[in-house]
Amino acid sequence: MAEQEHNGVNGFHSESEQGNQPVNGDASEAVNGNPSNGLRVTIEESASSDVNGGSPINSMVTPIRQRMERKKSSPMMPTFMVSAPGKVIVFGEHAVVHGKAAIAAAISLRSYLLVNTLSKSKRTVTLKFPDIDFNHSWNIDELPWKIFQQPGKKKYYYSLVTEIDQELVDAVQPFLADVSIDKPADIRKVHQNSAGSFLYMFLSLGSQSFPGCQYTLRSTIPIGAGLGSSATIAVCLSAALLLQLRTLSGPHPDQPPEEARLQIERINRWAFVYEMFIHGNPSGVDNTVSTQGKAVVFQRTDYNQPPSVRPLWDFPKLPLLLVDTRTAKSTAHEVAKVATLKKKHPQLVGTILTAIDQVTQSSAQLIEEQGFNTEDEESLSKVGEMMTINHGLLVSLGVSHPRLERVRELVDHEGIGWTKLTGAGGGGCSITLLRPGVPREKLDKLEQRLDEEGYSKFETTLGSDGVGVLWPAVLKNGMDEDEEGGMEIDLEKFLSAGSNEALEKLVGVHGDRGEREGWKFWRVENRD
């Protein structure tokens, strides 16, 4: 996967590179920051000899041991948050299935994970995803740690995991048996997949001494719309666990891009493990884009090998209107339709797929040019024209839909940008690159019409930031709390944000005046 494509990443095995905690995954040390205490061992050894030999120092041992135990205690890790973006395919749909290149980019619709560490007496780990009505807890001490800790199976934060171990999958299954037993079969399967993926990653990275925790996830990303919602969960949970184990450096403003990329690659590797548990043999593109943000060019010429993934570290942020047709689609059906067409007309369809590839490559080259200016309509129009051509080629393959064509008609009528389908087509979503300086009245008129015709629409940003951290979970929201350092985002506030707008207003990484104070990102772009 992408993990194997990034040069220089596979060698980050030593502790010393970032000054990280011990690699044994002992969360009792990593979370609390307490090294093992050699003095305590010495005292206990003295106590043992005293019991056998009758030394008078025995009367001193218990008080000293108690003092040492008290000293070892430290405050719990603060409540913190992690966020990761969804993604869209910008160029290359369907052609990518046939060995051509495609470009995927992050969007500013995001998932948000709130992490609460529990008191030492509470030995449970809980997943709570209210958006899909999922809530389940496990007793940490009852989980199958023994098999995950076996020699040859134990993994570490720096491990490169390229396949799922079926014996470990089997060990997790009994702990999924009572997950959402009162839900319909299709919903229960989604919940069990999420639970199984998490437990596999939790047991691989952690240890039995891991503190009790609750992971609560909210998202502004439509589910099942081809926007990578599953991958955002994977990235959030991966980053949260690695942060709890203190195996990540930063993020901080002065961190060099190379070091930042190393950290996000570590997150990406474990997010891919989560995705493999659910999807078997995923491309890895969704989790890669969600982790690093910006965009990637990816290509898979051999399905027995990982795809080639080339990050576009300097992909610009572009204004985007995302429209969900709210029409059910089947990716497998649309892919099969193109394959059938290619079998009937191999030369003609092959030419169309090659043309789509040329659009993708030309667009990547255009965006990477030094003179590309996101504020310049001429620069944007060149990208927009590529989108129009790409969409026309996809229409010729028969993968559009009347609801998608209606969006293009409405956008063209208002003259506000360039529209194409994104993903498999046959329904799903469209993306519109907005022209600079579009009057608000025109946009409002379009959005009103889309509402009237049953579409869902999202004003978002293409090429958004990747995984972000809010540590501790405190934000400045322009309220009275700002004078005292900001508003603490607790579980009650997080769950009470009923709509996407309310959630973004409460915890969103961007506010009315840009990036909000508190959220930090691993800055991967090149800096002169």
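Cβ coordinates are placed from backbone N, Cα and C, and glycine is handled just like the others.
Copied from TrEMBL, the annotated features are:
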- 206-290: domain 'GHMP kinase N-terminal' (DOMAIN)
- 378-448: domain 'GHMP kinase C-terminal' (DOMAIN)
- 1-39: region 'Disordered' (REGION)
Pull the DSSP breakdown for the domain 'GHMP kinase C-terminal' (378-448) and write it out as helix, strand, coil residue counts. 41 helix, 12 strand, 18 coil
Helix, strand, coil residue numbers for the domain 'GHMP kinase N-terminal' (206-290) per DSSP? 45 helix, 7 strand, 33 coil
PLDDT averaged over every residue in the domain 'GHMP kinase N-terminal' (206-290): 92
